[in-house]
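Visitor: Annotations for this protein, taken from Swiss-Prot, read as follows:
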type    : residues        : note
BINDING : 73, 74, 95, 200 : substrate binding site
SITE    : 38              : site 'Transition state stabilizer'
SITE    : 260             : site 'Transition state stabilizer'
């Protein structure tokens, strides 16, 4: 027996149908393409946001897009260090990482957070595989070199950040193999150096390097703000390098947004078609950005 739809619900049903139709050209455009997603920020600690993120990733794979997830975990590392009685020191936003801290960071990133994300995706029917930059020589790191001015003399001096690294080479073979076999790679930001040491890498930087090496169609950087804002607080939805340089010069782009924007520019320079900075706390923000004309963040392109 056929059941008739409740007439009062028809507007909602039609709106959903219109959304699906609106998505059609984007589904056709992005089928078979690779999207690299940097997952981090406070959304990682919110159970509803975790599920929203996992749903987005599983949906992308289901419609023929190849998502590659690279995650952070700074707050979780900090919490574990505090629990273990290990004090943290930061220089220029980077955690000074001695041998004990490096061991804890790898444990939290590769052993805990990585497998939690794999579990969320698996719980929704996705086939996720958790790896780190160490696996199959995915990422080769080298020690970050930093300097700062001495407060009294003004003379630049070297700052030893310990086992903090930056990617110098990426071999994306394992990621290509996993996506081709219908898996969703989930990557923890730790990697080996040529010296055999394990380095903790900023997740934004690592995700951008992986996106460039894969020639990804899109690089999504999920954070805790709507994107790049102008001085009145309004979202800037579309930026190229010239616009970014001007916004940095007049101090519109400042502070922690500078390295995020620079990571996106570097990814685009390396071959990514476009990068997007968007608020990971907004439910299904990626889907709004990908499949609607309205978008949901700041698109950075050549």
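Glycine is treated like the rest: Cβ placed from N, Cα and C.
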Visitor: Taking the Cβ of residue 74 (substrate binding site) as the centre, count every other Cβ atom within 10 Å, in any protein chain shown.
Guide: 21
Visitor: May I ask you to report the DSSP-based helix, strand or coil state of residue 38 (site 'Transition state stabilizer')?
Guide: strand
Visitor: Give the sequence-ordered set of same-chain residues, not counting 73, 74, 95, 200, with Cβ within 8 Å of the centre of the Cβ atoms defining the substrate site.
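Guide: So the additional residues around the site are 72, 77, 78, 97, 105, 108, 109, 189, 202, 203.
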Visitor: Over all pairs within 73, 74, 95, 200, the annotated substrate binders, what is the largest Cα to Cα distance, rounded to whole Å?
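Guide: Taking every pair among 73, 74, 95, 200, the longest Cα gap is 12 Å.
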Visitor: Express the distance between the Cα positions of residue 38 (site 'Transition state stabilizer') and residue 95 (substrate binding site) as a whole number of Å.
Guide: 19
Visitor: Find, among the recorded positions listed as 38, 95, 260, the one whose Cβ has the highest number of other Cβ atoms within 10 Å in the structure shown.
Guide: 38
Visitor: Validating a neighbour-count step here. Other CB atoms within 10 A of the CB of residue 200 (substrate binding site): how many?
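Guide: There are 29 of them.
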Visitor: Could you give the Cα-Cα distance between residue 95 (substrate binding site) and residue 260 (site 'Transition state stabilizer'), in whole Å?
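Guide: Residue 95 (substrate binding site) and residue 260 (site 'Transition state stabilizer') have their Cα atoms 17 Å apart.
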Visitor: Return the count of C-beta atoms lying within 10 angstroms of the C-beta of residue 73 (substrate binding site), excluding that atom itself.
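Guide: Its Cβ has 25 other Cβ atoms within 10 Å.
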Visitor: Measuring Cα to Cα, how far is residue 200 (substrate binding site) from residue 260 (site 'Transition state stabilizer') in Å?
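Guide: Residue 200 (substrate binding site) to residue 260 (site 'Transition state stabilizer'), Cα-Cα distance: 18 Å.
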Visitor: In Å, rounded, how far does the Cα of residue 73 (substrate binding site) sit from the Cα of residue 260 (site 'Transition state stabilizer')?
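Guide: Approximately 16 Å lies between the Cα of residue 73 (substrate binding site) and that of residue 260 (site 'Transition state stabilizer').
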